[in-house]
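**Q** These came from Swiss-Prot, pasted as-is:
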type	residues	note
BINDING	G12, G13, S14, G15, R16, M17, E38, G102, T103, T104, A126, P127, N128, M129	NAD(+) binding site
BINDING	R39	NADP(+) binding site
ACT_SITE	H159	active site, proton donor/acceptor
BINDING	H160, G169, T170	(S)-2,3,4,5-tetrahydrodipicolinate binding site
ACT_SITE	K163	active site, proton donor
Amino acid sequence: MMSEPVRVAITGGSGRMGRTLIEAARQQPSILLGAAIERAGSTLIGVDAGELAGVGAMNVAITDSLDKVVDDFDILIDFTSPEASIVHTDWCARNGKAIVIGTTGFNHAQKEQISAYSESTPIVMAPNMAVGVNLMWKLLEVAAKVMGDYTDIEIIEGHHRYKKDAPSGTALKMGEVIAEALGRDLEKCAEYGREGITGERDRETIGFSTIRAGDLVGEHTAMFADIGERIEITHKASSRMTFANGAMRAASWLAEEDPGLYDMQQVLGLN
C-alpha cells in the first residue's frame, strides 16, 4: 500500500533554485507541494507556483507568510540566505515543522543556532544535496587516508557569477572531510588563494581556489598531487535539478525521523 506523499513548502519560490525545487516537487509522486513562500512585497504574491516554475498549474498560490500556510505542509525546504534560514528554522521549531536546509555561507554562531533548534526539530542541513557530491566526499576520505600525507592537496571550485559566498559550502566541506581524515584542523591549514611571492608550498596546507563566471552550475575538484603523478576527484553539476532532487529525497527521509541534526550522508546511508 502506497504511503501518503510528504507535504512540503518551499521558501524563495520565485528564485532560480526555488523554481527548480517547485519543478522537482511536481515530478515526484512521493512529494506534494503544499506551499511556496516569497518575501513580502513581491509582485508574484498570488501567482500559481507551478505556472511560475513553468510546469503548469499546481493550485498553490505564492504567499508572503509561513503563518498563512502553517496547516498546508509538514517539511520546509529552504535554499535562501543564512539570515533568512535562521528565521525560517526558528519558525519551524516553534510550529512543529521539520526543515531541509540547503543554504550555504553560515558562520559559526549561525551553525550553533541551528544545532540548538535541532534538539526539538528534525533538520537535514547539507552544503550540497546532490547525490554525486555526497559520494565524492566519501571518496575524498579514502583518498586522503591513502595519499594525503604524501601529496599537495588543492581544492578548486567554480560557480555562476551570481553566487554570493566563496569558497562554496561544498568546497569547504571537501576541505573538512580531507582535514579530518588527516587529523588536521582546517581553520589552521586552509590557504585561500595565493598572491605575490609565496615561497615554497607547505605540504600541510590545503589550498582553495575559486572561480566565479557565467552560468556555471557547480564544479568541484580535489587534487592530490605528488612529483610524477596526481589524482583528481571531480564532480560537475550541469543542472540545479540534481540539488533539487536531493532535497526532495532528504524531505522524504526526514518525514520519518525524530528531532536531530542530520546530513545527506545519513540520508543516503553513506555513514
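Cβ from N, Cα, C; glycine included.
Looking at the shown structure, what environment does each listed feature sit in?
**A** According to its DSSP assignment, S14 (NAD(+) binding site) is coil. Using a 10 Å Cβ-Cβ cutoff, S14 (NAD(+) binding site) registers 20 neighbours.
Mapped onto three states, the DSSP output places R39 (NADP(+) binding site) in coil. Sequence-distant neighbours of R39 (NADP(+) binding site): residues of the same chain at least 6 apart with a C-beta under 8 Å from its C-beta are D64.
DSSP classifies H159 (active site, proton donor/acceptor) as strand under the three-state reduction. The Cβ of H159 (active site, proton donor/acceptor) lies under 8 Å from the Cβ of S168, I211, R212, L216, V217, G218, E219, each of which sits 6+ residues away along the same chain.
The Cβ neighbour count for G169 ((S)-2,3,4,5-tetrahydrodipicolinate binding site), using a 10 Å radius over every protein chain in view, is 18.
Around K163 (active site, proton donor), the C-beta neighbours below 8 angstroms that are at least 6 residues distant in the chain are R212.
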**Q** Using the recorded (S)-2,3,4,5-tetrahydrodipicolinate site (H160, G169, T170) as reference, state which further residues of the same chain have their Cβ within 8 Å of the centre of those residues' Cβ atoms, listed in sequence order.
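**A** Near the (S)-2,3,4,5-tetrahydrodipicolinate site, beyond H160, G169, T170, sit T104, P127, N128, E157, H159, K163, D165, S168, A171, G218, H220.
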**Q** Validating a neighbour-count step here. Other CB atoms within 10 A of the CB of A126 (NAD(+) binding site): how many?
**A** 27
**Q** Say you check the Cα of T103 (NAD(+) binding site) against those of the binding-site residues H160, G169, T170; which is nearest?
**A** G169
**Q** Please report the DSSP secondary structure of T103 (NAD(+) binding site), reduced to three states.
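**A** For T103 (NAD(+) binding site) - judged by DSSP and reduced to three states - the answer is coil.
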**Q** Just report the maximum Cα pair distance in Å for the recorded NAD(+) binders G12, G13, S14, G15, R16, M17, E38, G102, T103, T104, A126, P127, N128, M129, no decimals.
**A** 22
**Q** Translate the DSSP assignment of A126 (NAD(+) binding site) into the three-state scheme.
**A** coil
